[in-house]
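A.B. asks: Dumping the structure here so I can ask a few things about it.
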């Protein structure tokens, strides 16, 4: 006979949520799809889909300040370098700016032979003709036609019935073919049709419209059609989207000549899951934006999708470790869009490979040590081992990142744009925590001065803050720096509070030796982080050194970064220490 144990305490009542005053009764649940024999739950994703980036179209139209032509070119170059082979480059009939950008890409031969550009149009004849004209001379191009087919849009926005809606799509397709024949005879030409608002439309009607479009287009061997099925507004759970995709694939005509394309938005926050389930349901292609830019809550994030595949041992067919790694991708997108990537953004945010919890840090440390041990036993680099480490789903080094065990960071730093300009304009690759520190300094200037701070003004702020301070401590000369048997000695001449003196210190490197020397004249310095790199190549190349120091003792200590450049890396390193000391002194 069992008895309830007594712990000497009163049992806790089960917490119960109370009804909210929110008007939830105004909303209706999405009706389920009748697909009792669905097969997608038992499928697996085994290869990457075809990708299309719409950063230059859907992404750009949703920006507070749309990209300038120069930033569009920078974004296009990034997408090409990453390996995207289908890129939607604009809506040329909607604006002269978009039309001119498409023409620049073509006339300046900026499109690689293996890249197909796509342009979007509504189903009006004048817009379709203008769209076809924009593609003239391209090696390969796609016209993407769309019209909204959902009941609400038919009834309220366009005031058409089902037959009239079908006619818009078929007549638009006829016009695309007409003007493609007139203007694009030498172009490897493709066609894409989107039944806009697909997820809110009747499934049988979606198939009816698409079949009618295909009766005009006549897909067959070597004549594909892309049928793009947008979750223009995300209205249901991801499994419903998968049901819709599987049902559509079973019932649409010419399936073997159709590329079913997914175009999810993120209104419910589940665009990534909806896309992955849609691929399991048989889709062939995905449209989205880097870091999920796009209208409202954005299009599905191509970075997360690709890296999710990578983390499962599947080649995403996209390079997220281009020169500069995923941080370079993020900085470029932030620069082009003017919007920051969230610090918690999967795979690319500032904090995603950082642990604050002591137990997490300890587990990761032990995991990395275990990988090092296994690599030594196998006689191979860690990079050749299967990845397995606590709390880290991928090896940060695989995307050009590192693991930072201890870091104090303001999550609202907004440093991406500053870091991008400092690197692209001034060749300074600021360490992550220095980016955070400097961005706060820049923010005080933007608050006070207003408007945009350009590259020259940014350099002036940086130089005044980090490179030009010389009080209370200035390094005048490195008299001698020598190393013997792992033991270093540094002799330096400094100006300390206006008085010149020579100091000597010992340590396990030039920086630690200099810190030892400074301790003898009353400066208590502890180095927390150090980084260096060359600013250029050649015999007279300058080097940059970055040192994070804790200056002072106890509650009076101050943590500050110091920066210096010099032709001699030892001199740059020691001068960076004095920079940190001077900044800590205020």
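Think of each number as a place in line: the chain as shown, counted from 1.
Cβ from N, Cα, C; glycine included.
From a predicted model like this one, the values you see are computed outputs, not experimental measurements.
Heads up, here are the entries from TrEMBL:
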BINDING   58, 263, 265, 299  Mg(2+) binding site
COMPBIAS  1-19  compositional bias 'Polar residues'
DOMAIN    49-324  domain 'Pyruvate carboxyltransferase'
REGION    1-25  region 'Disordered'
REGION    469-586  region 'Regulatory domain'
A.B. asks: In the same chain, which residues outside the set 58, 263, 265, 299 have their CB within 8 A of the centroid of the CB atoms that define the Mg(2+) site?
C.D. replies: 54, 230, 231, 232, 264, 287, 288, 289, 294, 295, 298, 300
A.B. asks: Give me the long-range Cβ neighbours of residue 265 (Mg(2+) binding site): same chain, 6+ apart, Cβ under 8 Å, in sequence order.
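C.D. replies: Listed in sequence order: 230, 231, 232, 233, 234, 271, 294, 295, 296, 297, 298, 299, 300.
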A.B. asks: Helix, strand or coil at residue 263 (Mg(2+) binding site), per DSSP?
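C.D. replies: It is in a strand.
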A.B. asks: Please list residues from the chain of residue 58 (Mg(2+) binding site) whose Cβ is under 8 angstroms from its Cβ, counting only those at least six apart in sequence.
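C.D. replies: When sequence neighbours closer than 6 are ignored, residue 58 (Mg(2+) binding site) has 88, 287, 289, 293, 294, 295, 299 within Cβ distance under 8 Å.
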A.B. asks: Taking helix as H, G and I and strand as E and B in DSSP, count the residues of the region 'Regulatory domain' (469-586) in helix, strand and coil.
C.D. replies: 29 helix, 59 strand, 30 coil
